[in-house]
Amino acid sequence: MSAPAQPAPGVDGGDPSQARIRVPAGTTAATAVGEAGLPRRGTPDAIVVVRDADGNLRDLSWVPDVDTDITPVAANTDDGRSVIRHSTAHVLAQAVQELFPQAKLGIGPPITDGFYYDFDVPEPFTPEDLAALEKRMRQIVKEGQLFDRRVYESTEQARAELANEPYKLELVDDKSGDAEIMEVGGDELTAYDNLNPRTRERVWGDLCRGPHIPTTKHIPAFKLTRSSAAYWRGDQKNASLQRIYGTAWESQEALDRHLEFIEEAQRRDHRKLGVELDLFSFPDEIGSGLAVFHPKGGIVRRELEDYSRRKHTEAGYQFVNSPHITKAQLFHTSGHLDWYADGMFPPMHIDAEYNADGSLRKPGQDYYLKPMNCPMHCLIFRARGRSYRELPLRLFEFGTVYRYEKSGVVHGLTRVRGLTMDDAHIFCTRDQMRDELRSLLRFVLDLLADYGLTDFYLELSTKDPEKFVGAEEVWEEATTVLAEVGAESGLELVPDPGGAAFYGPKISVQVKDALGRTWQMSTIQLDFNFPERFGLEYTAADGTRHRPVMIHRALFGSIERFFGILTEHYAGAFPAWLAPVQVVGIPVADEHVAYLEEVATQLKSHGVRAEVDASDDRMAKKIVHHTNHKVPFMVLAGDRDVAAGAVSFRFGDRTQINGVARDDAVAAIVAWIADRENAVPTAELVKVAGRE
């Protein structure tokens with residue numbers, strides 16, 4: 001008989017995610033977890049899998065060959081939730097094949113906050129289908145089917161078993177390392193069978209590397225959320241499948257909190273608000289991922305850009321412009337066509353000349369839409385001789401670039417094909433490099449805070465060993481400098497191994513929005529390679545020639561993406577200084593329109609965007625309409641207001657300030673906007689002369 005499982009030497013119990021347990025050879029991990037007194041079902045911290053000494057996640061049914069230290073993984077951890085979600089995806093696939101026997105299986109990985117599974121079915125799934133599937137899934141969960149790992153004896157055995165599953169067959173030999181391919185990638189080719197808990201007969205199974213929870217009863221709470229079309233493996237050249245999304249959590253309470261979060265996120269969805277607030281659209285006639293901004297959206301965008309221009313001018317940047325297309329040779333020089341061609345639109349072959357008989361007189365050449373501005377900024381630097389006295393040279397451009405994003409990943413304004421980058425490139429000496437990076441990071445953080453984003457951490461992206469240009473020692477120096485500057489900022493610095501672009505390591509500023517979601521925002525990239533590739537030089541004080549250091553920086557990332565993020569951060573209620581309509585006058589009756597027009601004219605003289613609603617709607621309906629359209633200041637006037645030369649403020653939270661002298665009201669609004677207050681104005685926050 002095996003000795004009882006014990007905590008590993010030097011480590012006591014406590015938090016299961018921090019404990020280590022020794023599993024005797026020939027004993028299941030589940031037995032060791034149970035003997036250690038850790039919960040195995042029914043609580044949010046129940047142990048669902050374990051991590052072995054090599055860091056691999058293992059089923060609780062795993063039996064090591066030798067005494068082994070393991071770390072229990074609880075349901076309420078990231079890894080625990082991921083396993084629960086993957087197991088729930090299997091339950092979904094089982095339900096689909098029971099209710100839709102003709103369905104062929106794609107892939108079904110866990111994803112952030114949920115899971116999905118792709119199916120080849122004749123017709124799209126309907127909401128009624130999802131309800132029926134969820135009902136069957138609950139029955140499967142209640143049955144307590146066992147997840148049983150089975151090793152295929154050979155790939156031939158796997159192919160024979162999967163003969164009627166064409167997509168699974170394709171995965172048997174997959175070597176892509178794609179994180180979303182859960183079917184293969186382990187040391188062995190395995191399947192997970194769902195077994196009847198009483199008879200242990202196989203009910204259903206799937207090609208899968210695992211791990212999984214012990215039984216379907218270990219799925220505490222789940223919900224199917226939606227379905228959509230999706231290309232097999234994300235490639236539009238492949239078959240179009242139907243994808244069902246869902247979510248699963250360690251408790252019903254956690255699921256309920258998540259569903260509330262999803263509801264709020266949907267309310268803030270910039271794609272929805274873009275239509276409701278008449279900000280932007282994506283006409284089919286133009287194409288996927290190509291936005292047009294409407295007048296109201298254009299105002300917000302102009303304000304974003306104008307404030308940025310002002311701050312860049314104050315910081316010593318010089319403004320440049322570059323064309324949208326260029327000869328292919330430029331991107332051969334930069335390396336983009338070697339390392340980034342898949343992200344570029346196809347070339348335009350032009351400039352060929354022909355004789356009258358149709359024979360070629362002058363060959364044409366390829367032109368590309370630019371995916372980045374940096375090569376052109378290198379040419380601007382190289383356009384004339386440069387002295388050390390000019391450095392640091394800070395070039396800035398709102399440059400529109402084009403990237404061939406797959407249609408399946410295009411998403412509103414946050415993932416587009418045509419985007420305008422607030423692109424800066426700084427050329428400096430190596431002696432100036434650290435100070436320039438420090439001031440640049442401070443500039444980025446301060447400017448983001450001016451737009452109301454203040455919760456940051458940093459991510460350091462380092463070299464991809466398979467995809468980089470330049471010498472190893474140059475990369476090491478650049479990475480070390482960025483790490484030092486990031487650490488000096490006092491912000492958390494998270495490593496991102498292999499995440500750098502091909503030409504240099506980078507620091508990215510990660511921002512949390514009002515819902516606590518993280519967005520990659522600004523990037524600061526140190527580059528010793530482009531100056532070498534483009535032959536950039538400056539003359540030092542002693543007359544010798546040197547290569548400058550180049551720093552790439554995009555503060556917003558892109559105007560479009562930043563616009564989308566801000567829209568969701570503020571739920572469409574932009575700060576008054578950004579709002580397309582800052583003030584609307586609402587008359588009690590028609591006879592008060594002329595008075596409010598005078599107030600609006602007074603506001604406009606101070607640069608305030610003011611309108612008067614002279615429609616036939618009743619005042620109450622006008623208030624509801626402009627509240628829904630997120631106008632920060634509503635100014636009301638009736639007989640008493642006109643007689644007293646006053647107005648009343650009405651705010652979106654339904655608070656009100658009555659009888660404010662007209663000049664005082666104008667002064668309060670002008671001051672609020674001039675101060676660039678990012679809060680939503682309320683009766684409590686707005687300061688009016690003579691009122692405490």
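Using the three backbone atoms N, Cα and C, a Cβ is placed for every residue, glycine included.
Given the structure is predicted, the values throughout are model-derived calculations rather than measurements.
In the shown protein chains, 25 other C-beta atoms lie within 10 A of the C-beta of His425 (Zn(2+) binding site). Feature annotation from Swiss-Prot assigns Zn(2+) binding site to Cys374, His425, His552; the stated evidence is sequence analysis.
The annotation domain 'TGS' is assigned in Swiss-Prot to 1-74.
As annotated by Swiss-Prot, N-acetylserine applies to Ser2, with the evidence given as a large-scale study or a structure entry.
What Swiss-Prot records for 1-20 is region 'Disordered'.
Sequence annotations record features per position, and here Swiss-Prot assigns region 'Catalytic' to 269-575 based on sequence analysis.
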Please state whether DSSP places Cys374 (Zn(2+) binding site) in a helix, a strand or coil.
-> helix
Counting only other Cβ atoms and using a 10 Å cut-off, which of the binding-site residues Cys374, His552 scores lowest?
-> His552
Taking the domain 'TGS' (1-74) alone, what is its mean pLDDT?
-> 80
Whose Cβ lies within 8 Å of the mean position of the Cβ atoms of Cys374, His425, His552, the Zn(2+) site, other than those residues?
-> Met372, Asn373, His377, Cys378, Asp423, Ala424, Gln525, Asp527, Phe530, Met550, Ile551, Arg553
